[in-house]
Amino acid sequence: MEIAMKVERVVAWLREQVEESGTTGLVVGISGGIDSAVVANLIYRAFPNQSLGVILPIRSHQDDIDDGLAVAIACGIKHTTVNLDNEHENVLSKAINALQKLELYDENKLRISDANLRARLRMSTLYTIANNVNSLVVGTDNAAELHTGYFTKYGDGGVDILPIAGLTKREVYQWGEYLGVPQSVLNREPSAGLWEGQTDEKEMGTTYEMIDDFLEGKEVPQKDKEIIERLHGISHHKRVMPPLPNI
């Protein structure tokens, strides 16, 4: 019952955000993960006829695409797929070639710059679509990701509103169960699908359970506490506006 009340509160909040912004609907990128699945369900409840889910594969695993489609079909949201493979390859190859000509290219930094490029291409596409249908772009970051900075600046962090940023990862799963998210999505290990074997927890160096406990004020091992505090500190710039000089 508590989840039901909170869900209705967020749905009402989504309607308020749209009304205050002068827009008429909501757009979300659906990745096939639990966070975007929950958000897709929430925005569909708020605007059954004016919500849109966009699946944006970029050299994505077929399982991710299938889970994204399953989410959209299960919740009933209007959805479309925009494949960005060619656009990604075009931008990445041109950037690499430009740096190679200047002898500045660093192969060791390709993986992270590639991952961030994918997130930013998706963001640009979502805003292009949202502008055309007079909608807000809805983010999918949860409290753990927001606190640790586990998102791409001006990528998946480039959104208008963040309806589940107050939920821990475990709460997101609880909401997913309540909202009827497909079991395949509930069972999958959290991953951005950026490269083979990539998972959120491997990349962060700690677990969502530890981060959730930390955010709830519970005791966590010193090693995990230090990792969480370090991630929060180095990602501060992602949560604020760019600095300005005092001229």
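Just so you know, glycine gets a Cβ as well, placed from its N, Cα and C.
Swiss-Prot lists Gly29, Ile30, Ser31, Gly32, Gly33, Ile34, Asp35, Ser36, Thr140, Lys169, Ser191 with the feature ATP binding site, giving sequence analysis as the kind of evidence. The Mg(2+) binding site annotation in Swiss-Prot covers Asp35, Glu145 and is backed by sequence analysis. Here Swiss-Prot flags Arg120, Lys153, Asp160, His237, Lys238 as deamido-NAD(+) binding site.
A separation of roughly 15 Å, to the nearest angstrom, links the Cα atoms of Thr140 (ATP binding site) and Arg120 (deamido-NAD(+) binding site). Between the CA atoms of His237 (deamido-NAD(+) binding site) and Gly33 (ATP binding site) there is a gap of 26 Å. Sequence-distant neighbours of Asp160 (deamido-NAD(+) binding site) (same chain, six or more apart, CB under 8 Å from its CB) are Gln17, Ser21, Leu136, Val137, Val138, Gly139, listed in sequence order.
Between Glu145 (Mg(2+) binding site) and Lys238 (deamido-NAD(+) binding site), the C-alpha separation comes to 11 Å. Contacts of Gly29 (ATP binding site) defined by a Cβ separation under 8 A and a same-chain sequence distance of 6+ are given as Ser36, Gly53, Val54, Ile55, Leu56, Arg122, Leu126, Thr140, Asp156, in order along the sequence. Per-site Cβ counts within 10 Å over the binding-site residues His237, Lys238 peak at Lys238. Put simply, Asp35 is the one of the binding-site residues Ser31, Gly33, Asp35 whose Cα lies nearest to the Cα of Lys238 (deamido-NAD(+) binding site). You'll find the Cα of Asp35 (ATP binding site) roughly 18 Å from the Cα of Arg120 (deamido-NAD(+) binding site).
The most densely surrounded of the binding-site residues Arg120, Lys153, judged by C-beta neighbours within 10 angstroms, is Arg120. In this record, deamido-NAD(+) is bound by Arg120, Lys153, Asp160, His237, Lys238; the longest C-alpha to C-alpha distance in that set is 18 Å.
Annotated pair Gly33 (ATP binding site) and Lys153 (deamido-NAD(+) binding site), C-alpha to C-alpha distance, rounded: 19 Å.
A distance of 18 Å separates the Cα atom of Lys153 (deamido-NAD(+) binding site) from that of Ser31 (ATP binding site). There are 26 other CB atoms within 10 A of the CB of Ser31 (ATP binding site), with all protein chains counted.
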